[in-house]
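A short write-up of the structure that comes next.
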Amino acid sequence: MKRTNYAGLIDETYLNQTVTLTGWVQKRRDFGDLIFVDLRDREGIVQLTFNATNADALAVAEKVRSEYVLKITGHVIERAENQINTKIKSGTIEVDVTEAEILSTSKTPPFYIEDDVNANEELKLQYRYLDLRRPEMQKNLRIRSKIMSSAMHFMDTHDFINIETPVLAKSTPEGARDYLVPSRVFPGSFYALPQSPQLFKQLLMGAGFDRYFQIARAFRDEDLRGDRQPEFTQMDVETSFMTADEIRELVNAWVKAMMHDVVDFDLDTAEIPTLTWQESMDRFGTDKPDLRIAYEIKDLSETVKNSEFGVFANAIKGGGVVKALAVPGGADHYSRKDIDKLTKYIERFGAKGLAWMKVAPEGLTGPIAKFFDDEAQAALIASADAQVGDLLLFGAGRADVVSATLDYLRRETAKALDLIDQTNPWAFAWIVDWPLFEYSEDFDRWIAAHHPFTMPNEEDLHYLNDGEDPHKAHAQSYDLVLNGYELGSGSIRIHRMDIQEKMLKALGFTPEKAHEAFGFLLEGMEYGFPPMGGIALGLDRLAMLLAGQENIREVIAFPKNSRATEPMTEAPTRVEGKQLNELGLFVPEAE
């Protein structure tokens with residue numbers, strides 16, 4: 001059954017040669033004694049011709065239908081002038097078939113195997129093996145493969161050691177909900193699928209491996225969205241005896257190599273900006289800004305603190321802020337009805353309304369313009385860095401609500417007005433100097449902004465002492481952002497037990513609880529751990545961006561849907577009572 005070539009790679013260089021090809025039937029066009037078949041494989045499509053000169057092959061062609069698997073042998077010839085297709089690599093040639101064999105038949109597929117197919121998402125996931133035949137999906141998964149190959153090559157040439165860490169691990173209270181795996185041998189006890197290899201890679205540094213790398217699977221039982229899945233893949237790195245700056249330089253070189261290998265883009269890492277977390281929040285309202293959007297959020301709190309507009313004045317008096325976004329050209333684009341839609345949407349961020357004005361040649365117009373005299377209007381326009389024709393959108397109130405609201409409005413308006421700079425397709429940025437802690441509304445307490453093993457800035461270590469306010473501390477942590485997505489997160493780790501114990505105490509752990517959860521790590525630190533740091537880059541998210549997709553499902557072979565189920569295999573499913581009994585588990589019958 002040996003084939004000589006991939007069908008999609010046949011071009012003019014193969015003219016007058018005999019080839020043997022295999023693949024799937026994309027289309028069949030029957031003209032009696034002349035039949036055309038488009039044969040598809042992973043590389044693309046080539047046109048086959050069957051005619052009465054080769055009667056046996058023609059008889060086979062009369063039987064084939066879409067998605068039949070075919071093997072043919074034939075001669076590569078030039079297409080007739082009216083048959084040339086400039087959209088495909090093989091568009092100037094075709095294969096005159098002399099031998100043909102049907103290797104497999106196919107039922108009529110539930111949707112067309114072609115890009116831009118108009119099919120229900122659940123249906124495509126149910127028949128994922130058919131969806132994966134589409135050229136776009138083939139391209140996406142090959143981009144993913146290239147990223148992994150490039151990463152492994154880079155790490156190998158930079159003396160990193162590829163080490164696997166356990167998938168059945170201990171449940172530790174360090175982040176999202178764990179996926180638990182019951183133990184048959186120890187009834188009532190559970191393993192947890194790892195949310196990251198974090199603790200194991202720190203222990204590997206303690207073991208002296210110095211440079212660790214792994215393409216690791218990780219699992220988090222959390223609510224899903226377009227750029228998250230319950231199981232995901234990260235390119236995980238840990239190093240000893242390197243500073244945060246040195247680690248970022250290493251990652252810059254790594255990302256530069258990947259961009260060249262995968263999308264043939266020459267990334268100038270010297271132009272990757274570094275922003276503090278606070279600067280990013282002030283300018284963009286988010287810790288993962290899309291720097292392809294030129295306009296930024298402006299703080300107008302000082303400008304409007306004595307305003308006659310009660311919403312602004314009361315926000316300032318209540319300890320809040322007033323900020324604005326000047327949307328270029330937005331005045332003509334957005335009607336009152338359009339703005340009402342934006343107002344309704346931002347309620348999910350806690351915003352109670354959306355104040356707005358338009359910048360006209362004669363000054364500001366809109367429902368709240370009457371509260372500002374000419375001098376106040378001029379001050380507003382200047383403070384917001386606005387121009388005639390701009391739409392001014394305001395956020396007033398609690399700082400976090402204002403940030404979330406204006407971040408969304410910045411991204412949404414840029415998309416609607418086509419204001420995303422396409423000349424800068426890959427806008428990377430480093431976000432540094434993060435708060436060590438953040439307040440969680442879900443848990444109603446302070447939690448680690450990254451994880452409990454992040455080293456505070458040297459000058460902030462005293463905040464972990466008794467009597468100090470630990471929430472003032474900042475961390476030696478850093479995130480790599482690309483086009484408004486968090487691509488990777490890393491930090492310098494705590495390598496001293498005294499600091500780690502203080503950190504856990506600040507998070508509410510008693511000494512007993514700390515040793516119950518992390519005793520193995522704390523004990524390891526008593527045996528001489530080196531200074532260490534690392535990062536993990538999300539493979540799924542990077543592949544999504546490099547493939548030009550908007551959902552990571554498009555770059556994962558067999559993903560879950562938004563309900564964390566897998567329509568093709570119908571996972572998760574209930575299991576037999578015998579299996580539950582062996583595990584010492586009781587599950588009530590479903591109603």
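Yeah, the Cβs are placed from backbone N, Cα and C, and that goes for glycine too.
Given the structure is predicted, the values throughout are model-derived calculations rather than measurements.
The L-aspartate binding site annotation in Swiss-Prot covers E174, R220, H450, R493, and the record cites sequence analysis as its basis. With a cut-off of 8 Å between CB atoms and residues at least 6 apart in sequence, the same chain places Q202, M205, F453, T454, M455, M532, G533, G534 near R493 (L-aspartate binding site), listed in sequence order.
Marked as ATP binding site by Swiss-Prot on the basis of sequence analysis: R220, D221, E222, Q229, E486, G538, L539, D540, R541. DSSP assigns E222 (ATP binding site) to coil, not to a helix or a strand. Using a 10 Å Cβ-Cβ cutoff, E222 (ATP binding site) registers 14 neighbours.
Cβ atoms under 8 Å from those of the region 'Aspartate' (198-201) belong to residues 165-166, 169, 172, 174, 212, 214, 236, 238, 451, 453, 518, 520-521, 534 of the same chain, restricted to positions at least 6 beyond its ends. Per Swiss-Prot, the feature region 'Aspartate' maps to 198-201.
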* Looking only at C-alpha atoms, tell me how far R220 (L-aspartate binding site) is from R541 (ATP binding site), rounded to the nearest Å. => 15
* Extent of the ATP binding site in Å [max Cα distance among R220, D221, E222, Q229, E486, G538, L539, D540, R541] -> 19
* Could you break down the residues of the region 'Aspartate' (198-201) into DSSP helix, strand and coil, giving a count for each? => 4 helix, 0 strand, 0 coil
* Structure fact -> Cα of E222 (ATP binding site) to Cα of H450 (L-aspartate binding site), in Å and rounded, measures 16
* May I ask for the distance between R541 (ATP binding site) and H450 (L-aspartate binding site), taken between their Cα atoms and rounded to an integer number of Å? => 18
* Hey, does DSSP put L539 (ATP binding site) in a helix, a strand, or just coil? -> helix
* **Integer Å distance between the CA atoms belonging to H450 (L-aspartate binding site) and L539 (ATP binding site)** => 19
* To do: For the region 'Aspartate' (198-201), would you mind checking the mean pLDDT of the predicted model?
  => 96
